[in-house]
Amino acid sequence: MGNRYLCLALCLCALIPSMLDAASDGLLRINMKKRPLDVNSIKAARKESKYVNGLKNTPHGLSDGNEDVVPLVNYLDAQYYGEISIGSPPQTFTVIFDTGSSNLWVPSSKCIFSIACYFHNRFKGTKSSTYTKIGDNLQINYGSGSISGFSSKDTVQVGDICVEDQDFIEVTKEGSLAFPVWYNMVEQGLVKEQVFSFWLNRNEADEEGGELVFGGVDPNHFIGEHSYVPVTRKGYWQFNMGDFLIGNQSTGFCEGGCAAIVDSGTSLLAGPTAVVTEINYAIGGEGVLSSECKTLVTEYGDMIWDLLVSGVTPGKVCSEAGLCFSDGRQSVSSNIETVVGKENDGLGDTVLCEACEMAVVWMQNQLRQSATKEAVLSYVNKLCESIPSPAGESVIDCNTLHKMPNVSFTIGEKLYTLTPEQYILKTGEGAATVCISGFMALDMPPPTGPLWILGDVFMGVYHTVFDYGNLQLGFAKSA
């Protein structure tokens, strides 16, 4: 009976705006929680990149009523999740509030052949008086797997907001869960401003994992003022990013601009393989040795150097060397899947082409610093050892954090810096402590790529405002 009254109360809060001011600051909150950290879970989290097989294509908006705050849970400093309820009376589910996704999924009571479903609450439509089965069979493929089920409609409660007639998918074969009720919040006038904001607490010792705020921002969550940049692609929270720096040195990779996405559903920082390899080298990350990369340096390093020095356009060097097709196919910023990911698939020529184009990026950057030929080839050879593994794990010596450089993103002509303590994930205690890089390699083909994805590692340091009404993103230091 208590659940029945809870559902009624929450729905009344959505229908009577004055009741939403019950909190002293007028905000409605969804809190976050925490779970223990372990290495295997971190590795699993790193594999959850939904962008590997292409970006999802539905934009995300927010609401139009009072501000609502959803408490979030900090999982491994890698995922942040919170609770929602579906149905009347409400059935509670834990979901990832994912700005990079556009679908609401929950396991169905009809999910009986998928082991994963037995580890989560399952939705029972027959127990909800507001439930409607639509029945369309659906399947969506993500980089980490696929989910299948059927479409339904019911009342969804997020914090103190009650969204009526929300479409969602009842999963009968479970994989990753995603979340998207923003549009209906806007259309049903459930929050005052078309803005939502994330505060992700990176302090593992704190019980509170963070908060998701609907309809505005909580001034206690950030320091100073937000700096805003326009959204450049409505289908995603995408914007233009400038140069990326390791220490105070430009990598040269995004000097002409790169596309970037802020995504609360991505645990780490994902970027082009060529740049992530340089980061791994700078921080002492131990990647997987690519024999093809080293072979390239040994057999073609001198030729690539000579072509660059003679003035050949970097984009044509590898075709001039006979390692890539002359039409420019397989560019570093277009279709690299990570050299080591193709070592055993019989595509030796393709791998050498990709290795060549990474080497060109690295050499070109060193040439700007007037390095000698011997020094450049030695540097590139060492970078080969730091190419990320296919699963993305890069283990770091925890005792060297004080020697590691800061890294900086240029956004709207302003630098957003992360310290080693902020971009390195730690697990364990004492001698059992393990440190893992917060960077993972991800290469998107054009026109989508090259692309950076600024996930929870970035959002934990910089409070992020998603301004749907003005199509802009705001960043300020987290409090």
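Note: Cβ is positioned from N, Cα and C throughout, glycine not excepted.
Copied from TrEMBL, the annotated features are:
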- CYS111-CYS117: disulfide bond (DISULFID)
- 80-476: domain 'Peptidase A1' (DOMAIN)
- 288-328: domain 'Saposin B-type' (DOMAIN)
- 349-390: domain 'Saposin B-type' (DOMAIN)
- 1-22: signal peptide (SIGNAL)
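Averaged across the domain 'Saposin B-type' (349-390), pLDDT for the predicted model comes to 84. Shown for the domain 'Saposin B-type' (349-390): DSSP residue counts in helix, strand and coil, namely 32 helix, 0 strand, 10 coil.
If you draw a 10 Å sphere around the CB of CYS111 (disulfide bond), it holds 22 other CB atoms from the protein chains shown. Look at the domain 'Saposin B-type' (288-328): DSSP puts its residues at 26 helix, 0 strand, 15 coil.
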